[in-house]
Amino acid sequence: MAAYLPYPRFLPSAYRLVHSVLRRNNSYGILGGLQGRVYWFHFFKLQNRAYGAGIPRFSKEDESRHIQEHENDILTPNLKFKDLVKGKVACNMTALPEYIVQQWHHNRIITIGDSAHKFHPIAGHGGNSALESSAALTNALVRSLKESISNELSTSQISDIFQEVQDLRHKTVKRLIVVSHNQQRLQSLETPFLRFVALHVLPRVHKDRVINNSSESCPPAQRLENVGLPPRITLVPYDSDLLSTPCCRGWYSWVLASFFFALSAVQFWAMDIWALLARTPGLFEKANVAPFTGIEFLDKILVISLPQYAAWNMEVTPCSTIVQMYLYFSLFPIVAISTIESRRKRSSLNLLTFFSTSFWAIIYHAFGIAVAAPLYCAAYILTSSNVHYWWPVSRQVPTSYAKTLLPALVLGYLLPPLLLFKGYSGHCIAEAIALTLQRAPIYVNTLLIIFSTVYAMFYPDNHRTPPADEPMPDIPCLNRVYLWSFSVATLVHVLIISTALSPRYLDLSISHIFTPHSNSLQSIFVVFGDIRMLWLAGFWVFWIATAVWCILAVWDMNRVGRARVNLGVAVVVIAMGIAAVGPGAVTAAVWYWREEKMAKVFFSKVEENSRTQ
C-alpha cells in the first residue's frame, strides 16, 4: 500500500475515484483521496497458504525487489506501475491475514476490530466492521446501565454483554470476510471461470446492480440507539428505519418453489393422460392446426407438444368455449405483470428478464399456461429472496416500456380474441384459438419492443434512478396498467358468472363451467378424453397458483419490512376477492398495492421515532 502525489497527466479524472486493474494472481487498486492525493494497492497471491508464525514478514529489500519485478505492469494506457512508485509519499509491504477469533472476550476484557476479525482490505469492510462492533458494544452497555438499579455492572453482567455483542456480530463478520476474499479472487483472475466472469460477464452488468451488490452490508449496519438522527427519505433504507427487520425467505423459497413445480407437473401429467386417450381410435377426429412457423418440421414438434390442439372433439360445447375464454382474459393481468417484472432494473441477468419473457411466452404457447405459470412463479421465488431485491432504487421500469406497455397489451392481447367472434365452426375454431390465444404473449413482447424503441427515439430513457424526493415517472403508467388489467378481468368474471346464474341459459351453470361432471366410472375415458377436462385442469392449476402467488406477495412485503398486514386476514380477503372478481383481477389489485409499497421511501416508524426523540 502507498500514497503518492498526483500526476494529472497519468491519471485522468475518471481514474481519480476508484480504478481496479485485474491481473493473473495479482491486482491493483487506485483510489482518489483528499488534497489531490492518490492511494494505490498492489495485491498479490502467495505461492502457498500460510498460518500463524508461517505468515511472512517483508523487509524493505523485499519491497524494492517486488517493485522492480512489477515496475512495467501496465495500469492504464498511459500509466505504468513505476510511474506510481516515482511519486510515492509513503509505502509499506505487509501480509494480509484473514481470520475471525472464535472467542472475543474474557471477564471484563473484549477485543474489537482487527484484533477480533481481520479482513482483506479490498472491500473496505475492516474499518466499517470495527465501528459497527463498537456501536453494538455501546448499545449493549447503555441498555444494561439503564436497567441497572445501582448504575453498576458486575463482571458476570459485563461478560454477558460481551457475549451478546459477539453473538450479534460474529455471523455478519464471518460472511463479510468471505465476501472480501472472493472479491480478491475475482480480481486476481484465480480460475478460468473467474476470469470469464470478470472479463465477459461483469462488463455487461448495469453499474446500478454492481453498486447495489456492493452496498448489501450497509442497510443492516449497527447504529447507536441513544443518538437521535433526523428522519431521511432514501432509496436504500436502513433496516432500522423499516417497519420490521427484513429477512430472506431461507428454506421457504425451496418449499414454495417445489410446490409450484408440483403444480406444473400435475398439469403436464394431465396433458400426457389426455394425449394418450386422444389417440384412442374412434373417439376423436383429427383437426388441422394452423401452422405456426411455416417450417414443417418445427410445426410438427409444436403440435406434438400441444396435444389439446392435435385432436379435437367432434363438438365444441358452450362450456368448453367459456372455460377457455375465461382463462384467457384472466391471464391478461398475469401477462402484464410478468412483462413489468421482466423490465425492472433488479431483473437484469436473472430468469425474469425481458428476453426470458419471450422464453416464457414460448413455453406458454407449447404447453399452456398451467405448465408455464407455476414454473414462472418458481423462478420468481428463487430470484427474489434477497432483501436488496426489494430496494426502491432497483424497482423502476424504464419510462419507454412503462409508457408503451398498455398499447402493446391492448393490441397484442385484447384485440386477437375479437377474431373468434367471426362465427367459426367445427375444426376452424381450433385453428383460430391456436393462432390467436396461444401466441398472444409473443405478440405483446414483439409490439412492446417496437413501441418502446420508437418512443425512446423521441424521448430517450434516463437510466439514472431519480432521487428519493422526486416522483418516479413509471408509477402512473404502471398503475394505469394495473387498473386496466383489473377492469378487464373483473368485467369478464362478472359477465360469465352472471350468465351462468341467469335462467335464460339453462344449459349453463357454474358447476358445468368450472367443475367436471362425470356421473360414473364407466365414462372416465370420455371425460378425460374431452378437451374441456384438460382446460379445467389448467384453469384450476392456474387458480391455485395465482392465489398462492398473491399471498406470497403480501408475505414478501411483511418480510422485507415494507408493510404490516395480518397474513390470515390477507388470505381471507384474497379468497373472497377471487370468488367476487376472479383470480386475474385479484392479482392486479395485489400488484397495485405492492407497487406502492415497493416505491415507498419513508415509513411511519421513522416519523414515530423522530417524535419520540
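From the backbone N, Cα and C atoms, a Cβ is placed for every residue, glycine too.
Bear in mind that TrEMBL entries carry predicted annotations, made automatically and left uncurated.
Counted with DSSP, the domain 'FAD-binding' (92-153) comes out as 29 helix, 8 strand, 25 coil. Annotation source TrEMBL lists domain 'FAD-binding' at 92-153.
Sequence annotations record features per position, and here TrEMBL assigns transmembrane segment to 251-277 (among others).
Here TrEMBL flags 322-340 (among others) as transmembrane segment.
Residues annotated as transmembrane segment in TrEMBL: 352-381 (among others).
Under the heading transmembrane segment, TrEMBL lists 401-421 (among others).
The feature transmembrane segment is assigned by TrEMBL to 442-461 (among others).
Same-chain residues lying 6+ beyond the ends of the transmembrane segment (481-501) with a Cβ under 8 Å from its Cβ atoms: 322, 325-326, 329-330, 332-333, 336-337, 340, 405-406, 409-410, 414, 508-510, 512-513, 581-585, 588-589, 591-592, 595. The annotation transmembrane segment is assigned in TrEMBL to 481-501 (among others).
According to TrEMBL, the feature transmembrane segment maps to 533-555 (among others).
Sequence-remote contacts of a segment are chain residues at least 6 beyond its ends whose Cβ falls under 8 Å from one of its Cβ atoms, and for the transmembrane segment (567-593) they are 326, 329-334, 336-337, 340, 479, 482-483, 485-486, 488-490, 492-494, 542-543, 546-547, 549-551, 553-555, 558. Look at TrEMBL and you will find 567-593 (among others) tagged as transmembrane segment.
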